[in-house]
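> If you look up TrEMBL, you'll see 14-27 marked as compositional bias 'Basic and acidic residues'. Marked as domain 'Amino acid permease/ SLC12A' by TrEMBL: 123-297, 416-694. Residues or ranges marked as domain 'SLC12A transporter C-terminal' in TrEMBL: 824-1088. According to TrEMBL, the region 'Disordered' annotation covers 1-58. Per TrEMBL, the feature transmembrane segment maps to 117-140, 152-175, 196-217, 250-269, 276-295, 415-435, 455-481, 501-519, 555-573, 579-601, 613-637.
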Amino acid sequence: MPTSFTVVPVEAQGEERGPAERDGQRQEEEEEEDERDRGSGDGIARESSPFINNAEMDRENMYEGKNMALFEEEMDSNPMVSSLLNKLANYTNLTQGVVEHEADEDSKRKEVKVPRMGTFIGVYLPCLQNILGVILFLRLTWIVGTAGVLESFIIVFMCCACTMLTAISMSAIATNGVVPAGGSYYMISRSLGPEFGGAVGLCFYLGTTFAGAMYILGTIEILLTYISPSAAIFKAEEVGDETEAMLNNMRVYGTCIITLMAIVVFVGVKYVNKLALVFLACVILSIIAIYAGVIKTAFDPPDFPICLLGNRTLSKRTFDVCAKFTESNNETKTTTLWHLFCDSPFLNATCDDYFSLNNVTEIQGIPGIMSGVLTDNLWSSYSEKGSIVEKKDQPSVAGSEETKMSGLPYVFTDIMTYFTMLVGIYFPSVTGIMAGSNRSGDLKDAQKSIPTGTILAISTTSFIYLSCIVLFGACIEGVILRDKFGEAVNGNLVVGTLAWPSPWVIVIGSFFSTCGAGLQSLTGAPRLLQAIARDGIVPFIQVFGHGKANGEPTWALLLTAGICEIGILIASLDSVAPILSMFFLMCYMFVNLACAVQTLLRTPNWRPRFKYYHWTLSFLGMSLCLALMFICSWYYALIAMLIAGCIYKYIEYRGAEKEWGDGIRGLSLNAARYALLRVEDGPPHTKNWRPQLLVLLNLDSEQLVKHPRLLSFTSQLKAGKGLTIVGSVLQGIFLDKCTETQKAEENVKSLMGVEKTKGFCQIVVSPNFRDGISYLIQSAGLGGMKHNTVLMAWPQSWKQTENRFSWKNFVDTVRETTAAQQALLVAKNIDLFPTNQERFTEGNIDVWWIVHDGGMLMLLPFLLRQHKVWRKCKMRIFTVAQMDDNSIQMKKDLQMFLYHLRLNAEVEVVEMFENDISAFTYEKTLMMEQRSQMLKQMQLSKNEREREAQLIHDRNTASHSAPVVKASVAAAVPEKVQMTWTKEKFVAEKHKTKDSNVSGFKDIFNMKPEWGNLNQSNVRRMHTAVKLNGVVLNKSQHAQLVLLNMPGPPKNRKGDENYMEFLEVLTEGLDRVLLVRGSGREVITIYS
């Protein structure tokens, strides 16, 4: 490879240049280096590579020659292939690799040794140790005896099929790229997103923690029942209190053992890991002993006789001889068994009726594999709590009346049994398939080892479980199988009676294996919690991400021990097992869901090396997991789902934002594409119409939002429903404004989060402001999800010509929304609008319905009143009646219309009669036109413009402060001329000759001759604005919000500046005004 490159000595070429050229070149290179520090040559910041740490790369070492000079400006962000391959060669799938891959994570994790474990040591054996355990030794014989061989086979087959399908899905995910330490949590969170990952990760953590409690309870049960019954602290004082005493012993011993184990884990995890192989050896030896014992029963069954009274099984803990009486030296003596059933040791004593009528028989508990006992054990034998364990085919005579049985030495069932309950108790025995993936950071080749080792371990354990079911049913008597604690065989462990060479092999082996499994759970669960905490997606558990200096999770260990103690206090292994079944099943369900989603979406990054998977298998596994959850316990299943749902919603609202390229995001994109294509078919029906807003924001020089209350009003109007696009325009060239654009977008999104405005942000860079607004109005949105309404703030400083959002831009925006058939909302005095935290306890929302433009004015108050801010405000609707209108009938019609619209509002019809145009109107119009002329004189300097504007302002103030002068001016108008603009008089005026018109007006304006030069159209418009403003002020001056029809701009563009003045006069004196201009289509309907 190196021989293919040629190094060119560019320094020699540089020497041929003159000093001036070299200086110029040096300056250019320094400028280029500065530019490279900011980004690449085109001004666009590049995404950092996951493998190359740019801060550590030395530019001089990266390229010595200039044969790559064409690409040198991009070397920082786009490194040479040789550098990339060098980094990849040294890349390992360790925890620090995740930190490099996740660009926004803190790289504080320690270096880990190079992984060396293969498939057998790293995956197969850990999975075997975690799968085989307490249930196999303590409960499997009881499950076989209770459910029968056939139903037990179904239970085990369902559970093993569930874990096998999950392992196939897990293998596909685990081989789709590097899986660092974190195992199942990492796989689910990176496949389904932080919400699912956090929820399921915490559920998996709870399952692992409760598994630790189950193993500890199993350890104590073996200790107090089979190894040293005399070690019990609590003794049963009365007959029947044995169960309660045992539970109390469990709680005391469990608390001591969990404290001891937590100390061991805290002091040295390495000792736990070293002992793991010892514990695993105990499990394997125990299983070998079981198979050896089965083989031995074929030719030499062990001697474990059981005593039956009729068909009832007797507990041999309290007697030795299985007989009513014995004969010795021709003398008949009663036995201990007689004393238990009779009131005296004599033969004429009064005995239990059932005892008197039935014989005592003794049969072999382990008849052997060749005995044919399998046919008796095929079928189930479920029972109620407290019932006696009976042999089915044994002859029995019922007593005349049933006596109290609590004090008699029968073998009783301690809980009610049924099929679904047995599934919940058994399922924890097949968990532990994640043990290999949890160690993925310590494997040589995780992508090869995890699938092979996990599937091989599940196949091995499935064979062991299924074969044990058949062998137990074929070798052991049914009453012994249903005897959970081995009372009929002198308190021996039932599976131990089958083992060879001694029952103690199983007892000691199961004791150490359960101890080891408990230690492993207390070691693994805190690390899982620490991984979730360090991801930062669940804020309230971040404290558990800290630990000792060497990274050991101290706080997480304390929490794990505390939760484990809850399971210890429950104290019953049969009650704890279904709880952890729920959490494991939920975890497995989401692993299957993750694989199915990724497969169906066919995302480009989904390229697993493990090829033997299919989405149907994942879907079947997910369905089986869900079914098993409800089969085990429907109420536990609902509680587990509720816990996961609460965590999911908490992370969604309060958790950190993470982008992991998860499958749910891909699913959302597919669903969005499908929905957009469906929406594209046509405009929405009137019943489905709601304002889809494009909010136009102004930004200052620091790219901060000038009017944050506009976003507050948006969230109040939308309440999170429908589409919201928040847009703004930066003036300039995009290549020059990249950084400002990103900063502006971050600021706007941050404010949207504060104001709880759910929507999208779009920043446009345009050479001028007007074109940018036009681009947004035309192109914002996608497909059918486009805005239909534009919301903007009134330009308060529109009279200042240097303001970038000048009156010209505003009027053009009004015209463009009309041309685009979009509604327009203009909020005047937006800074006086309420924030989302304020609450109006009273007040009105007043609607002034002047012209009908589709019903927007009716719909907006209804939407606003859905929000807490406006909820207590009342809605009032005002409409204006002209001279020819019947105001009484108008009010009735409007009330009926609102009734059909299902809107509650007060209705008032305001009569506006035609009258003379006041001198104040003429004065207003005169000042407006004078100002318009001033704005057109573009050659004036800034100082002159300000002076002219100040002069007009002073005159305006003077006109407001002299109402007496206005009244005298109005009185001075000659009586022969009437300026009341009724229809008839207006028509008459039009038919007069031009000469008489001119002479008449000259007579009118004798006092102020300049009034005669005014545009009469402007005078009429100003008259309307002044009159309507007076009426609105009279009725709605104290309203919380006033909604007004917004008149359209003049068709003649020469009067644009006058249009702004009309709107200013129309809304003068009102605190909060929303000018509404409809889109021309109906947006509200009376029909259902």
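Don't overthink the numbers, they just go from 1 along the chain as shown.
Every residue, even glycine, has its Cβ placed from backbone N, Cα and C.
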> Considering pairs 6 or more residues apart, do the transmembrane segment (250-269) and the transmembrane segment (276-295) have at least three CB pairs under 8 Å?
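In this chain the transmembrane segment (250-269) does not contact the transmembrane segment (276-295) - fewer than 3 Cβ pairs sit under 8 Å.
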> If we skip the immediate neighbours and take only residues 6+ beyond the ends of the transmembrane segment (415-435), which ones have a Cβ under 8 Å from one of its Cβ atoms?
123, 126-127, 129-136, 139-140, 143, 146-147, 151-152, 155-156, 158-160, 162-163, 166-167, 170, 183-184, 204, 207, 211, 214, 380, 382-385, 454, 457-458, 461-462, 465, 574, 577-578, 580-581, 584-585, 587, 628, 631-633, 636
> Summarise the model's confidence over the domain 'SLC12A transporter C-terminal' (824-1088) as a mean pLDDT value.
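That region's mean pLDDT is 69.
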> Under 8 angstroms, Cβ to Cβ: which one of 196-217, 276-295, 455-481, 501-519, 579-601 has the largest number of such pairs with the transmembrane segment (117-140)?
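Maximum Cβ contact count belongs to 455-481.
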> Counting Cβ pairs closer than 8 Å, which of 196-217, 276-295, 455-481, 501-519 has the most of them with the transmembrane segment (579-601)?
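The stretch I would name here is 196-217.
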> Where, among 196-217, 276-295, 455-481, do we find the most CB pairs under 8 A to the transmembrane segment (501-519)?
276-295
> Assess whether the transmembrane segment (276-295) lies in contact with the transmembrane segment (196-217), where contact requires at least three Cβ pairs under 8 Å among residues 6 or more apart in sequence.
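Since fewer than 3 Cβ pairs under 8 Å link them, the transmembrane segment (276-295) and the transmembrane segment (196-217) do not come into contact.
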> By a Cβ-Cβ criterion of under 8 Å, what residues six or more beyond either terminus of the transmembrane segment (455-481) are in contact with it?
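For the transmembrane segment (455-481), the far contacts come to 123-124, 127-128, 131-132, 136, 140-142, 144-146, 148-149, 152-153, 156-157, 160, 163-164, 167-168, 171, 287, 290-291, 294, 297, 304, 306, 308, 313, 363-369, 371, 373-374, 376-378, 381, 389-392, 411, 429-430, 433, 436, 488-489, 494-495, 497-498.
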